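Pulled from Swiss-Prot:
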- GLY32, GLY33, HIS34, ASP51, LEU87, ASP101, GLN108: S-adenosyl-L-methionine binding site (BINDING)
Amino acid sequence: MEIVHVPVMVKEVLSYFSNLRGVFLDCTVGAGGHSEAILENIKGSVVIGIDVDEEILSVAKQRLKKYESEGRAKLLKATYVEAQRVLSQLGVKAVNGIIMDLGVSTLQLMKGERGFAFSSDGPLDMRMDKTQRLTAYDIVNFWQENQLRRIFFEYGEEKRYAGRIARFIVKNRPVETTAKLVEVIARALPEKERRFRRRHFATRVFQAIRIAVNNELENLRNFLVQVPDILNQNGRIIVISFHSLEDRIVKEAFRSIQELDVLTRKPVRPSLEEVRENPKARSAKMRIAERK
């Protein structure tokens, strides 16, 4: 598979990691962009990269094979909630840097059969981990209307039309493909909502379903409480998020965990130049904390 994924805010990541050495944990290695930058620019660095998506992990393995052969990179299939177990298995007690990029990879979005994108037709899947049972199809076709309304409201921040969209989905079952789901959402929304929203009108619903399928918010909370146990003193954690729900969780966790010093009162945003070159970076927010 051709590598087209461009990692976001690489310069900022390297800047905040510049004084660190030793072992780094890439919790969402994806296509390997941030890991590659760390290995290339931080002398003597070693990266442990984990990702729950085997397909994209194979891309990272290809990209980082030189470093794997040198013993400077170790890539494993795991979710970041399992980070402590993974490090223990590798004989690593703690690391000096942690990077998390919570965005969906371009490679995942490009493959219609993964079901993440509303821009290309495919089955309703949306699983990061293809071995798990719950899919987007299950949620769309079998969850009760009030359950759908709740996730659209809470996870998609679809404040005004969550109930109406849920009602239309239930009424039009079975909904088997991403294209059919987009069609149903379109019918549920007034024309002005479809035409004048800043982002595509299906964005919020797709986000909500993806978060529910992969238990993303709960996993993030469960990981962040582990950070003091796996980060060395003066080590740093960088989290890049792409919507307000994730950013709020990171902000509150960094503030509430006593062992962390927050280095960013407000989130760091990508430069205008980066956004021009890589529009995916537009909504990125980076927060950094340091282990006391």
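Positions of Cβ are set from backbone N, Cα and C atoms, glycine also.
Between the two most distant C-alpha atoms of the annotated S-adenosyl-L-methionine binders (GLY32, GLY33, HIS34, ASP51, LEU87, ASP101, GLN108) there are 26 Å.
In sequence order, PRO7, VAL10, VAL13, ASP26, ILE99, ASP101 are the residues near HIS34 (S-adenosyl-L-methionine binding site), counting only same-chain partners six or more apart with C-beta under 8 A.
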